Amino acid sequence: MRPPSPSIPEREFLFTSLKQSLRLDGRQLLEMRHPTITFGTELGWVECSLGKTRVVAAIDAKMVKPPPERPYEGTITIHSEISPMASPEYEPGRTSDEEVTITRMLDKVLRRSDAVDKESLCVLAGQRVWHLRLTVHCLADAGNMLDCACLAGIIALKHFRRPEVEVIGDEVTVHPPTERAPLPLSLHHTPLCLTFAFFPESSSKTATSTSSTKTTTVLDPSLLESQLATGFLHVALNAQRELCVVQKAGGVPLTEDEILPLIKDVAVTRVRELDRIVESRLKEDWEGRKTFVEVR
């Protein structure tokens, strides 16, 4: 059974609060929820939380034969799953629009942006390459699952270690972690995703149909904000200020002068903050693992 849509009082209360630059959870309009990152016992298993939004990402690797058109490159596949445990809105066995959006955005941010050096996944040209499978499970939906999923996905790639391989002629030997320390993936950069939600200053439905509508912008929307927003802007970039993806599918029209300040002034700063948090948590995890197992 699908949950009911937000009521008219909820809608009016949210819009009135945003006009006064107030949010229901106490954040500023362009303030993110602090991410919580938890690592599992296996390398490449990560749980990421933004407030009450929780996502788990896991990576596994296996050797496959490469396609003939790309004999020197490994392959990466991304799969996302939103179970009814995340929200009653999602039904088992039926792919939701949110799930399709998350999978496509993950593919753009992590695979098409060449975050992973695919040639480094080649073991034996034309015969053996590594195939990486990233699986993202959305456990709880409290708004903005996309950013949480992208964050969990890129952290899982940085945390994962593949077995070391020895090639002698045409013979390939895979060494288990007990014999040789596993190797990290070769990453070109670390793209991170941010989502902006837009609300018309007038709560009337007719106000959203004109191109001159003034809007209020919030970063990292909550569940209620996501349900009532009239448009979204998804931006992916790295700490070096390199823009990877900009996506806006419909919604309230925006001008260039409205979008550029959000990217240059807000997104760049927030991504650098996220990057420092990610590197700090990875360093803490490696320090704790060195006493039990050799890692590189």
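Using the three backbone atoms N, Cα and C, a Cβ is placed for every residue, glycine included.
Annotation comment: TrEMBL describes 31-163, 216-261 as domain 'Exoribonuclease phosphorolytic'.
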Average model confidence [pLDDT] within the domain 'Exoribonuclease phosphorolytic' (216-261): 91
DSSP residue counts for the domain 'Exoribonuclease phosphorolytic' (216-261), split into helix, strand and coil: 12 helix, 16 strand, 18 coil
